[in-house]
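First comes the structure, then the notes that go with it.
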Amino acid sequence: MANFSFILGIIGNVISILMFAAPIKTFKRIIKKKSTEDFKGIPYITTLLSTSLWTFYGLLKPGGLLVVTVNGTGATLHALYVTLFLIYAPKALKIQSMKMVAIIDVAFFGVVVAITLLALHGTTRLTFVGFLCAGLNIGMYASPLAVTRTVIKMKSVEYMPFFLSFFQFLNGGAWTAYAVLVKDYYIGVPNGVGFILGAAQLILYFIYYKSTPTKSTEVKGSAHLVKRGGIQMKDVDGDHVHENENSRNLHKVKSLPKPSLVRQYSEKLTKTLSNNPSSLASQNQDDIEKGLKEAQ
């Protein structure tokens with residue numbers, strides 16, 4: 001059983017590292033666009049605190065090497081994620097996130113470490129930190145649900161990373177099984193909750209996955225062709241092309257009188273004026289009417 005629990009611990013470590021590495025794709029997008037868009041910073045801020053405390057817990061717990069290695073890796077990665085999020089977040093969100101980092105990841109973590117090392121002794125230290133880790137681990141698993149409202153409102157999972165939810169689901173299951181074998185309830189309870197929450201996130205993802213617009217659909221919806229002086233617009237599905245009615249009407253507009261005809265009657269009027277000024281009104285009107293009839 002001891003060997004089996006160690007194997008499960010190794011599997012849990014691998015899955016956890018994959019879970020911690022899942023946001024890399026998200027942050028590649030953030031760096032490329034130089035904007036956090038509608039992504040939330042809460043999952044990365046809370047996970048940084050959770051992994052930091054679990055690393056501390058592993059250092060206090062005899063035989064907690066596996067806990068230290070995986071959570072130490074997770075804390076390092078999430079410190080990087082939080083830094084990148086703060087760099088590319090809009091000003092208002094950046095200020096709000098910096099306050100959360102200062103309160104949660106710096107002040108709170110520092111107070112916990114100080115109380116544990118200075119005020120507590122023996123097994124009380126492990127119990128105190130274990131309870132905190134369990135509660136924060138549940139918060140870590142629940143943090144991606146912060147985007148649930150956006151998913152339901154937009155009917156889109158664009159800002160709900162699939163691999164993060166998927167690996168949280170696997171991670172919760174693996175560490176729950178490990179905790180049952182080693183009888184560590186501080187690990188078992190939060191990861192069991194995480195397994196359930198991960199399943200809920202995956203269900204939500206598959207409900208709205210098909211309704212998420214793709215880039216190709218958006219491009220087709222705005223595509224247009226210019227032909228024969230008119231604009232041809234494509235339908236959203238890109239299957240039919242309709243010519244702009246205005247472009248057809250443009251071909252039906254009659255041309256203006258030719259410049260040669262206008263000049264011809266202008267010259268005629270000038271001669272009439274110079275030869276017989278007294279007949280200006282009648283001759284002028286007759287010539288204009290005649291010229292317009294011929295022009296038509």
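Glycine is no exception: its Cβ is also placed from the backbone N, Cα and C atoms.
Per TrEMBL, the features are:
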COMPBIAS  237-248  compositional bias 'Basic and acidic residues'
COMPBIAS  273-285  compositional bias 'Polar residues'
COMPBIAS  287-296  compositional bias 'Basic and acidic residues'
REGION    237-261  region 'Disordered'
REGION    273-296  region 'Disordered'
TRANSMEM  6-22  transmembrane segment
TRANSMEM  42-60  transmembrane segment
TRANSMEM  66-88  transmembrane segment
TRANSMEM  100-120  transmembrane segment
TRANSMEM  126-147  transmembrane segment
TRANSMEM  159-181  transmembrane segment
TRANSMEM  187-208  transmembrane segment
- prompt: Considering pairs 6 or more residues apart, do the transmembrane segment (126-147) and the transmembrane segment (42-60) have at least three CB pairs under 8 Å?
  reply: yes
- request: Output the single range from 6-22, 100-120, 159-181, 187-208 maximising the number of Cβ pairs under 8 Å to the transmembrane segment (42-60).
  value: 100-120
Statement: Note: vs the transmembrane segment (6-22), the recorded stretch with the largest number of Cβ pairs under 8 Å from 100-120, 159-181, 187-208 is 159-181
